[in-house]
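In what follows, a structure is listed as structure tokens, so that the remarks can point back to it.
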Amino acid sequence: MAQTNPKVQTLIDAIPYFKKFYGKTIVIKYGGSAQTSDDLKEKFAQDIVLLTLLGIKPVVVHGGGARITELLNKLEIPSSFVDGYRVTCKESMRVVEMVLSGEINKNIASLLNFHGAKAIGISGKDSGIIKAVPKDGGKFGYTGDITSVNGELINNLIKEGFIPVIAPIANGDEANHPGFNINADVAACEIAMALKAQKVIFLTDTIGVLNKSGELIQTLDKANVEMFKKDGTIAGGMIPKVDSCIEAIHNGVNKAHIIDGRVEHSILLELFTSDGIGTQFIRVDNPNNGIDIEKLLNKQD
């Protein structure tokens, strides 16, 4: 009996996932660390376009921390981080908005459109899509905590066939307020929750969450995350990511994933292969997570 061509078999193997995610919303956090090469940018755009052709509804929330830091350094504006969150002064806020809304956002939307998508680049400030207040009472300057997301407006764009590409900038409550810099991981989480997305996927510059031996942790739940934060396994910039993942899966999002955005077509590998890649976050009490809980718990013992 003739064997099926491997390329054809790959497509056949992916059919259950095409069916599973058809019509579903997937929020993708496109981190600045995954935007490092033109080739990776092209592969990312191809992945997003393919998702739309398969009837999936992608929403892109992007970061740009590396580019922001680069420009702040050139302008000799001091910048610092606490627990993975940027402390944003008023001068920094102008740079943040210029880079995120004026540069990176439009570049991503243009690239997607070049590849045949119908992308629209927007800021969280537009029409008050994202509203925020000062984080920790102003301890982080113009870095904000989100108070609301206008999911209805985003869904209206999706219904019209657009791929929303969202810059994580938020409105304040005061007139002429310069706005708030929102951690892109947090923004992606809040948007995924507002849309009741099937998944939120974080593209990063690491293979996932690592243990102290540098090995990939494939699955995490809330209890694991708290334990690993306490013992220092999860630290620095990974804290907002894992906190966002846990927040999402406990507020209407089925699964969250941290994957390596440096891997070509990493989104497709996560969505359409049996093993996926990176670290997945689950609720152990969620019957829809597709995980053998007994096996998982035994592995954790």
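Positions of Cβ are set from backbone N, Cα and C atoms, glycine also.
So that you can see what the record holds, here are the features copied from Swiss-Prot:
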{"type": "SITE", "residues": "Lys29", "note": "site 'Transition state stabilizer'"}
{"type": "BINDING", "residues": "Gly64, Gly65, Arg86, Asn181", "note": "substrate binding site"}
{"type": "SITE", "residues": "Lys241", "note": "site 'Transition state stabilizer'"}
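The two recorded residues, Gly64 (substrate binding site) and Lys29 (site 'Transition state stabilizer'), show a Cα separation of 11 Å. Within the same chain, the residues at least 6 positions away from Arg86 (substrate binding site) whose Cβ sits under 8 Å from its Cβ are Gly65, Ile68, Ser79, Ser80, Ser92, Val96, Phe140, Thr143, Asn181, Asn183, listed in sequence order.
In this structure the alpha carbons, written CA, of Lys29 (site 'Transition state stabilizer') and Lys241 (site 'Transition state stabilizer') are 10 Å apart. When the binding-site residues Gly64, Gly65 are compared by the number of other CB atoms within 10 angstroms of each CB, Gly65 has the fewest. Max Cα-Cα distance over the annotated substrate binders (Gly64, Gly65, Arg86, Asn181) is 12 Å. Under the three-state DSSP scheme, Gly65 (substrate binding site) falls in the helix class. Other C-beta atoms found within 10 angstroms of the C-beta of Lys241 (site 'Transition state stabilizer') number 27, with every protein chain shown included. For Asn181 (substrate binding site), the count of additional Cβ atoms within 10 Å of its Cβ stands at 27 [all protein chains shown].
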